[in-house]
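Contents: one structure, followed by commentary.
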Amino acid sequence: MVPVENTEGPNLLNQKGREAETEGSCGASGGGHPACAGGPSMFTFLTSVTAAISGLLVGYELGLISGALLQIRTLLALTCHEQEMVVSSLLIGAFLASLTGGVLIDRYGRRLAIILSSCLLGLGSLVLIMSLSYTLLIMGRVAIGVSISLSSIATCVYIAEIAPQHRRGLLVSLNELMIVTGILFAYISNYAFANISNGWKYMFGLVIPLGVLQAIAMYFLPPSPRFLVMKGQEESAGKVLRKLRVISDTTEELTLIKSSLKDEYQYSFWDLFRSKDNMRTRILIGLTLVFFVQTTGQPNILFYASTVLKSVGFQSNEAASLASTGVGVVKVVSTIPATLLVDHIGSKTFLCIGSSVMSASLLTMGIVNLNINMNFTNICRSHSLLNQSLEEFVFYATGNLSISNSSLREHFKRITPYSKGSFMPMGNGMEPKGEMTFTSSLPNAGLSRTEHQGVTDTAVVPAAYKWLSLASLLVYVAAFSIGLGPMPWLVLSEIFPGGIRGRAMALTSSMNWGVNLLISLTFLTVTDLIGLSWVCFIYTIMSLASLAFVVLFIPETKGCSLEQISVELAKANYVKNNICFMSHHQEELVPTQLQKRKPQEQLPECNHLCGRGQSQRPSPDT
């Protein structure tokens, strides 16, 4: 374990204080308090970037299995259910950590949690590459799941607590940007090592040096000033703030931090399920929103991208991995403008646009796949020697040839596509359609001249259908990346009062990982039963349902302070008023409580709440 200085010691607070920072958890982009005096120094920015490396590691681990599974399922002869377990074991660890990680973060500090998560990720990766077995694969993936869940919470909170108020949204968004960048790197890695012997080891091992470097760097960075205040070390907190803000007087910000900590003790965890301040409605909105994040299908596209692409015509591992790299590129390109424009366009608008485009692209993908005569069942068959394709047997079986044997590869390329069948036991009167026998000498391979009987799939996917499927998939990914990808976490950070925001975020995070686990654990089985087209149609229905939910229940918080949002949502008839507004476009006045505020405490642009007015959130520079 990496030692830390006394200011991060294990002697304070249980779970009450957690990530309810002054202005919200991950994704908060504004606040009701006056802006802090200092701007973000270069030191603050570099500290945020160092912490956000956790997002890069999280994204890499989430996207990595898409390509690694193509090799591992052959080497271990994995069944459909075993493949699902390999993918979902990471989510099991993440779900368990989401239930208990907050206590660790509160007791030992955000910075120490990031260091521990980096070390645990390296340890889990070592387990994966030391020896390939199904049991060790599950154990290593569970350890990595615990790591990424812990780092997701800790990184988000740490950056939010060291960032100046009016730059918090920008700095916290670095974590989301790092996540999608990590996914892109994972897909590039999948492609780079797709045809390399033991390429899966390189895929799993690439993150180890980066994780170690982050752990070392985080050791030399300061703890969160808010955490120091929680421990009663106000003098140390003041020193950290002066270093982060490059100003000599941090009294005002320290006062705001202490005030927000007092607010946390006004609520208990069980208040989330009571009518106090309409909290029950708020938590139901939050839980339903993260439910739609998962049930619209994005996790399966992330984990099974290469598998899905193989089923629609990208038949080689290399082609499927290259096509899935486009998914990573689209995620990065789409996330950047969404992050930069959310303060001007609004999270609700992005959610509506994203859900609408997702439903259209999923419908297109489903219709296209109805016309592709391709059996998805081969994804779920056992990848034993009797069921391996010739290419899988020659190039990926344990102990077989390396990538350097160019003469063998050149000889293999001369075999026609219709010769690349699956090994099947023959005899007993079996006469499968498309049966063929071919004889092939494999020079310089150490293999004797052998006859192979194979069963070929005579269905060839038309190029137009194959590329239309890929285009629909990329549009779907882009729509998710501007809508249900980043925006729910911004909404969640704004709809709960500061005193209970951290615990609400923890509960919704557990819901997110839990539903993700259930969806990913059954994707291959369900697709095998009903077909990829009908899976797309189900996701289309869920996308339309999410659109209706966003329109009716999600407030437009653009241009509004956190206090204004909280006052509006605290009304017992909030849902009724929101639905009535959508039906009759009636205008709602600013709550009278807000009219009593001092002029300097109000945002003049926010005359109406939840989208009633079309004002914009003030620029950070104003």
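Cβ coordinates are placed from backbone N, Cα and C, and glycine is handled just like the others.
Predicted, not measured: the structure shown is a model, and the values here were computed from it.
With respect to the membrane, Swiss-Prot annotates L75 and I372 as residing on a common side. Here the listed stretches are 45-65, 85-105, 169-189, 534-554, and the one with the most C-beta pairs under 8 angstroms to the transmembrane segment (322-342) is 169-189. With a threshold of 8 Å between CB atoms, the same-chain residues lying at least 6 positions outside the transmembrane segment (169-189) that come near it are 26-30, 40, 44-45, 48-49, 51-64, 66-67, 155-156, 159-160, 163, 202-203, 206, 302, 305, 321, 324-325, 327-329, 331-332, 335-336, 339, 342-343, 481, 485-486, 489-490, 620. Around the Cβ of N195 (N-linked glycosylation site), the number of neighbouring Cβ atoms within 10 Å comes to 17. Same-chain residues lying 6 or more positions outside the transmembrane segment (534-554) and placing a CB less than 8 Å from one of its CB atoms are 285, 288-289, 292, 295-297, 347-348, 351-352, 355-356, 358-359, 362-363, 365-366, 369, 484, 491, 523, 526-527, 575, 578-579, 582.
Between the transmembrane segment (112-132) and the transmembrane segment (504-524), fewer than three CB pairs separated by 6 or more residues in sequence fall under 8 Å, so the two stretches do not touch. Each residue in the topological domain 'Cytoplasmic' (223-282) gets a DSSP state, and the totals come to 44 helix, 0 strand, 16 coil.
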